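This report concerns only the one structure given below.
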């Protein structure tokens, strides 16, 4: 505390106490030789004249005998009695210290301060070897530790100046990488063990086994005591035990700190800050009367005064209690003095204030009478001597145990022998460090998870346990000869101890809750202690005393000991313990020390548990292991990753030996005195024992390995006669009945993964088991030898096993194939016995004597059946009140059948014929599984109770638990040698012969067998069942493809192909019956295809989809797909008929069965195959049966697309969305009006011509994240952006001819718009904040706008007006407009905007529509931003929109749908398509008759113009208009005979119209002649709706790098209108153009080609970029200009696309054209030539 005390005058201020209290005493009490303050602060530094002339006065005021001065002993305790002494002559074998002491020469430079002044350790640093690295402090470490990432030098110098390019460790494919980079084998991932050391290999493991009852599982997987949850202390490595806590709950003997942490109640107000927030030391003044020091007197008023103040005639207490008669004070006469009878004092007398005051010599203390003196027992003071202490009158003498020598201070002991070494496990290695020098070396490396550790000094061996490998290993102390000692039956061996006298290995296992012992090589292993053990951890041995000590940190933590043979077990500490981790024995000090990781304390006690005391209770976050040597304790700490030391008596002088370790675990001091010599109780001949000789406190005991009985006092049996055999999935164990301990022992077997069923044959000592992971049946001798696989083919889930010991047959059930099979015990002569009416058969037992076999079946109708052992006389004997009949057992004596039912939670029995059924045990059976009988007991395993139990087989009483805490218990049997004999020639037994019929099914083909079979789907495979063998054996169709969830199947008997649907992969596939010719036929537009039927005659495939609620049809290759029914569907399922056999077959998904019945009456129901998990569709196939007549066989019935039969004939049909023409036979190639929309990985079409609004996938390849799209109706191309690939691509409407238009320089292209007139492509790039333009083929690319853009999104063009519109939803959201060349930019809307997402234009009403995803509404305004109005005010999250006719369509992210609303009123809201993930852009394409009529009229006018001779005076750009309309008319008005302008049948209206048109044309021509140098605008009334894209998809770092792509020189020309100036010079002038079209050649052949234009391509028009405005169109080419010149030319608007006025242009004038950088290679042309 920082509190300062201030006492008044004439008072002395004592030191502040631990409680912050101030104590004041009279000034005269200072330096009076009396401890008045209680802490000696009033006597410190005093020179008291109280020593007699015969005594020596020490500097600290103490009086000692004069004879003790300069005797080499520090008697004053401040060494003042040994100062200024004449130097003593040291012997030849001694070292002379600077302080005059003499020590052994061997102690010089041994790292230990033996002199006391450290003068014996002033040594030169030792040289490091060539294989070592010298740290800056002089210590040496292994060379390969330099720059390995671990700080191995204490000063960290080994990790300084390391190269930065050290490659990071990478793990192989078979390894798992821990969080800190270490690699472990992948099989250790999620195995429940902390193999990484930080639990990173056990995080996120759903398969991790739960902790035991009463435990809490940390998120990392560690199990701790449930009581530690929310106690304010971080016990889990990841601190998950203190999360989501309200208030911590402390126990009755704990104090709750303010922080919530719980500490011992006894630590409250003890002067130490145990809570770390000092809350345990607050408000302590009222906690009781303070205790006085031992040499003080407690006054009646609670005050403490020195003992010398008693009976001195002064009222020192203030209440007179120090002078009261009760203190036996003699009445003073006033005549007393030291000269008379020594003042009545027994030893020393002095006069104080005229009164006699008695004192005592050193080594004595004054008694209460104030006169007498008594000898002080220095040996009673803790730590006064290191080891032995002998008290004498007035003095004492320290002595040391054998192997130690007294140091010069005459109080501490030093061990004889080599320098001590600390040996510690570091998980991945074992290291050793010199505690006094911190020198650091490696002993063993490349370990998996070394935890416990010990050594055998005389044999130079080190032992350790590995909890990852579940092994105990050993090696030589030099690191060589590593070998396994114990390799089976270990789960978590956390403690290890070596008996160095009797050469035994002891270990604890908290997983099996046992303490075991074995020889040093692992032989003769025995379970020593197993009862009342929960989680034994640390273990320590005292072989000299024959005792063993261990800690247990289970639900009742305790420290126990017993004799080393397991006898005389006692608890020596069970209070105030929570997590007793480390344990060690101080053999010289006869004490034990342990650490408690929960209480953060190091404690000690006598070896019998008495005199328990806390040594260190501060600075211990998580101590794990501890060792002791001489006067020091050494311990490891998990949290600080360090090794620490402190004085073992006081806990002071704490020091960090090593820190920054990987993960320090167990620790030991490697020194011969840590394994002192002792009497070997077993002597030289192992005590005469045949196996184990275990010492006890006085003698020894002969012991046998686990399970083996003793045949005499010294001998054990050589084999086991009877034992309980049980499976535990990963191993098979036995519990011997020859002994009383009932400890289980693992049979050493290899590759046991999931053992379920067991049986045994005592004739050959074989144990048989099934493994449902490897799908095999194996056997081995009972001791684990001669292991072999018996059966490993055509098994799926062998769950039951039985041995016929009479005829040596092996019977088994297979719940996967639903069969019962038999073979010889070696697996030969295998055959199927029963294959019908089996539904998950489980256990099986045989009665060779009676000739019957019995089995349980716990399928849909649980039952117990029996049959002859040749499968004859099959009979159901129990069929009621069964749920999960698991284990079976036969009592041959009483002729009863016992079984366990896990569903009914009972064990029952009945007679062998099923009669006299009774419940044996009906309570406390959570989940019984295996069952067996032996003697008068019945034994069973229980999954939920995790135990093996037994009871009386007749009454069910006297229940006992043989073993508990056993996970994954399976089958159980008792091995014995008294099975009833049978008759070898019993005719009821099965005679096996080689039968290949059932095993050749896999080779099924039409050549070998009749082509009659069933075929059915089972989710992950497709199987066939032949119908021409007497039992139903299914064979997998070997398609080399992964199936996830195969539901529906169909077979094309004509081509021998099977078709199936996979609802997980969402596709329909087909393959040949032998697995070849696999292909996917439908991969889009499927959700859950539950039904599928193949029309082998009509060559069609039909399917139902419950996800989309449709029934569709298509050709067998997936083409011509059409939706047949889409309304009022209720998930129809598949059904199959087989006419020849008269069978109706169906799949029952609930019961997992295949049934057969009469197709007319439904009678004769037979179970074909049962117990088929994941059973789905089924078909019957007879490939020999004629297919029948195909009604559509001749020319597809005359249909252009689909021909579908019906009862009276057939009908033609069109693919989805296309209407049948009036001839009812032909179809258009695409709908007239349809929506196009993108959904990230697909582009789809919805026809608006039909009412079903079914979406059809457009099969465009390589779609990743499609955002924006647009459609060019001239070329029939879809343009789209993919922000995953950062490209703009285009393809045909059928998905073909996909090509990349822009493949570089894009980041996030969110908006796209096609100028269908000028043949240009515009797009926004949110990543680069630009708007760009290029030709439709991607050439002539140019940045149009790149300033004042924040987040440009949607973009739309209005070619007629020459406008470009876009939205920007950056920091200030806005909608802007500019000319198509980027000029005249204007903000239309910048208020009341959130996220303006989609944008579209209504060309008829000339309005802008947009959606706002933040304000959730749809709005519109005119082209100038005026007349703004809200159309729809409540939409969820609109993304893109378009308009057609009277409707506004939009995509919505939140509702995952496409919706529409009336664009005039905002009402009549409808959902067009629902449940579509990732909806993005949407556009509409409309080719209705109204627009085509307008284009047709324009086309007629142009056609007439072509036939007027003088119309040829029109310029080339005028003529190009005809080209545009011709293409539009042909492409978009396919219904109308655009080219049929003459012929028969013309209506009168056409003639009148034609005459009027001629009159109009004459007027038009006159105007054209007058203004032939000018161009009039022509508008295209077609619609082209453009849409918007999404706010933020991803960010690309790709920069724009565009390479100029040269074009043919024919296109690299610029057309000018030239006029002659006064000086006959030529000037450029901005002119108007007709739709920005320019014909760049006057070649006559081109003119002829134009007249005969085809509709398939846009020809020359596609190769130009025209950025059209009302006054200018710009044609840019990148073929001859660099980027700078092109941009300058574009910005100045100096390049106009116009026709060449040939009347004004002559060849001579051509040479004076301005130099623009283009080459002019056209022929000279004249108007007459044109």
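Using N, Cα and C of the backbone, Cβ positions are placed for all residues, glycine too.
According to TrEMBL, the features are:
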- 31-46: disulfide bond (DISULFID)
- 51-63: disulfide bond (DISULFID)
- 97-115: disulfide bond (DISULFID)
- 128-140: disulfide bond (DISULFID)
- 135-153: disulfide bond (DISULFID)
- 190-205: disulfide bond (DISULFID)
- 218-236: disulfide bond (DISULFID)
- 230-245: disulfide bond (DISULFID)
- 250-262: disulfide bond (DISULFID)
- 257-275: disulfide bond (DISULFID)
- 269-284: disulfide bond (DISULFID)
- 292-304: disulfide bond (DISULFID)
- 398-413: domain 'EGF-like' (DOMAIN)
- 1676-1730: region 'Disordered' (REGION)
- 460-502: repeat 'LDL-receptor class B' (REPEAT)
- 503-545: repeat 'LDL-receptor class B' (REPEAT)
- 546-589: repeat 'LDL-receptor class B' (REPEAT)
- 765-807: repeat 'LDL-receptor class B' (REPEAT)
- 808-850: repeat 'LDL-receptor class B' (REPEAT)
- 851-894: repeat 'LDL-receptor class B' (REPEAT)
- 895-937: repeat 'LDL-receptor class B' (REPEAT)
- 1099-1141: repeat 'LDL-receptor class B' (REPEAT)
- 1276-1318: repeat 'LDL-receptor class B' (REPEAT)
- 1319-1361: repeat 'LDL-receptor class B' (REPEAT)
- 1362-1405: repeat 'LDL-receptor class B' (REPEAT)
- 1406-1447: repeat 'LDL-receptor class B' (REPEAT)
- 1548-1571: transmembrane segment (TRANSMEM)
Rank the disulfide-bonded residues 140, 262 by the number of other Cβ atoms within 10 Å of each Cβ and report the first-ranked residue. 262
Residues near residue 245 (disulfide bond) in space but at least six apart in sequence (CB under 8 A): 229, 230, 260
Here the Cα-Cα span from residue 128 (disulfide bond) to residue 269 (disulfide bond), rounded to a whole number of angstrom, reaches 51
Do at least three C-beta pairs under 8 angstroms join the repeat 'LDL-receptor class B' (895-937) to the repeat 'LDL-receptor class B' (808-850), pairs 6 or more apart in sequence? yes
For residue 304 (disulfide bond), the closest of the disulfide-bonded residues by C-alpha position, picking from 115, 153, 218, is 115
Could you tell me which of these disulfide-bonded residues, 236, 250, has the greatest number of Cβ atoms within 10 Å of its own Cβ? 236
In the repeat 'LDL-receptor class B' (1406-1447), how many residues does DSSP put in helix, strand and coil? 0 helix, 24 strand, 18 coil
Residue among disulfide-bonded residues 190, 250, 257 with Cα closest to the Cα of residue 97 (disulfide bond): 257
Per DSSP, the repeat 'LDL-receptor class B' (851-894) contains 0 helix, 23 strand, 21 coil
Between C-alpha atoms, which of these disulfide-bonded residues comes nearest to residue 269 (disulfide bond): 31, 153, 190? 31
Once the chains shown are all counted, how many other Cβ atoms turn up within 10 Å of the Cβ of residue 190 (disulfide bond)? 18
From the disulfide-bonded residues 140, 218, 236, pick the residue whose C-alpha lies nearest to the C-alpha of residue 262 (disulfide bond). 236
Starting from the Cα of residue 153 (disulfide bond), work out which of the disulfide-bonded residues (115, 140, 218, 250, 284) are within 10 Å. 140
Counting only residues at least 6 beyond its ends, the same-chain positions whose CB falls under 8 A of a CB in the repeat 'LDL-receptor class B' (851-894) are 800, 802, 804, 809, 811, 813, 820, 833-834, 838-845, 900-904, 909-910, 912-914, 917, 928-933, 938, 940-941, 953, 971-972, 980, 986, 988-991, 1151-1153, 1170-1171
Which one is closest to residue 218 (disulfide bond) in space, judged by CA to CA distance, out of the disulfide-bonded residues 31, 115, 140, 250? 250
CB contacts under 8 angstroms to residue 257 (disulfide bond), restricted to the same chain and 6+ apart in sequence, sorted by sequence, are 232, 263, 274, 275, 276, 277, 279, 280
Of all the disulfide-bonded residues given, namely 31, 63, 115, 236, 284, which is spatially nearest to residue 140 (disulfide bond) at the Cα level? 115
Which residues of the same chain, at least 6 positions away in sequence, have a Cβ lying under 8 Å from the Cβ of residue 115 (disulfide bond)? 95, 97, 98, 99, 101, 103, 408
Rounded to the nearest Å, what's the C-alpha distance separating residue 135 (disulfide bond) and residue 236 (disulfide bond)? Just drop the number here, would you? 35
Candidate disulfide-bonded residues 190, 236, 250, pick with smallest Cα gap to residue 31 (disulfide bond): 250
Tally of DSSP helical, extended and coil residues in the repeat 'LDL-receptor class B' (808-850): 0 helix, 23 strand, 20 coil
If you measure between the CA atoms of residue 190 (disulfide bond) and residue 63 (disulfide bond) and round to the nearest Å, you get 69
